[in-house]
């Protein structure tokens, strides 16, 4: 509905240099419906010939929406939490209901099946095998149903949050989310792999990536930007406000954990083996565990709403813009994601080599004597070991290039030596896994470029340059 305040706001803005189309896009991006904006434009045009009416008191909703457009203020965490809680009070029933849907459907399904099996057991004598098979099939169907609707409900929850101003219900949230499930999970998978790759580059890059890409899922649902583009646009929103964003995220995360896990402090908690680890004020770990799960379930949407409000604030501060990711950014983060895929394989290979060192007799049993000499019949193992070392060398070069790019973004030039990357961009300088020496590095073009190389097992040079 086009309110009087919105009409007056449009009339005032149109007196400045802003065009109708730019103002329309800004209002829609701030949460106003397109129909309401069009209606307000029409009313503003009709009233141009009439004398202006005295201003009315602005509603809280309009103050909030116009504030997002006009203020240009990076809101503090307490204000963000207040706004998120206002949304939560209006949307809690819908958002919690969305989360409950998978469980309701799955339990209804299993209840109907259990009744059917019970009836068959009374009607059919000696149907033990049939009953056992039916129960197994029912359990499998329960798990599959819970999985399918759980995935769908996760997408519906994000859709319900993004469309909070429209006040859509549970059914509409599921309907709108239906075609976005695969794209949503692709954004999540990319985020996970890049985070793992950042973790391989040590803790600081992982923390940076986690902060940069915190809003990728909202970029996807609110703006329709998919895949790696959603991650890179989220990074663009954070640009220039990294520490402020990180501080606001840490604030909410800490508060959430304190509230959710407070019952464990009161009632105590146990180890996985059932031993009492902390007695608490009232020693009842089962009650503490149940309350913790309930609090987490109920307050989870509030945590997501806080992220959404922070995303909207960053988007308003950034203003309307068309973001096209550079080829360098795409290549760099694709390499980090690839590293996140390869890293677990490298860990497995490392465990295998460690196993070889712990159990040398097992590997020695693969030797065969030929005359008085021992000929080792293990060329494949040695080749695999060299390939493993080469993989570590290549990963080290990729780690260095990522740290160098991070240094360049901050300083607009590359460092004179790799030691300058520590500690701001890497906790340590990667070295050759066999010799322990640093990789060859040189800065060129007065800091505008570089090359870095590693010598592989076969003597070849593996290099990256810019």
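For all residues, glycine too, the Cβ spot is worked out from N, Cα and C.
As written in TrEMBL, here are the features:
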| type | residues | note |
| --- | --- | --- |
| TRANSMEM | 92-123 | transmembrane segment |
| TRANSMEM | 129-162 | transmembrane segment |
| TRANSMEM | 183-204 | transmembrane segment |
| TRANSMEM | 210-228 | transmembrane segment |
| TRANSMEM | 249-269 | transmembrane segment |
| TRANSMEM | 289-310 | transmembrane segment |
| TRANSMEM | 331-359 | transmembrane segment |
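The stretch from 183-204, 210-228, 289-310 that makes the most Cβ contacts under 8 Å with the transmembrane segment (249-269) is 289-310. For the transmembrane segment (129-162), the list of distant contacts is 91, 94-95, 98-99, 101-103, 105-106, 109-110, 113-114, 117, 120-121, 168, 170, 173-174, 176-178, 180-181, 184-185, 217-218, 221-222, 301, 304-305, 308: same-chain residues at least six beyond its ends, Cβ to Cβ under 8 Å. With respect to Cβ pairs under 8 Å, the transmembrane segment (92-123) is most closely packed against 289-310, considering the stretches 183-204, 210-228, 289-310. Within the same chain, residues 158-159, 161-162, 180, 183-184, 186-188, 190-191, 194-195, 198, 234-235, 237-238, 242, 245-246, 249, 307-308, 310-311, 314, 325, 330, 333-334 sit at least 6 positions outside the transmembrane segment (210-228) and bring their C-beta atoms closer than 8 Å to a C-beta of that stretch.
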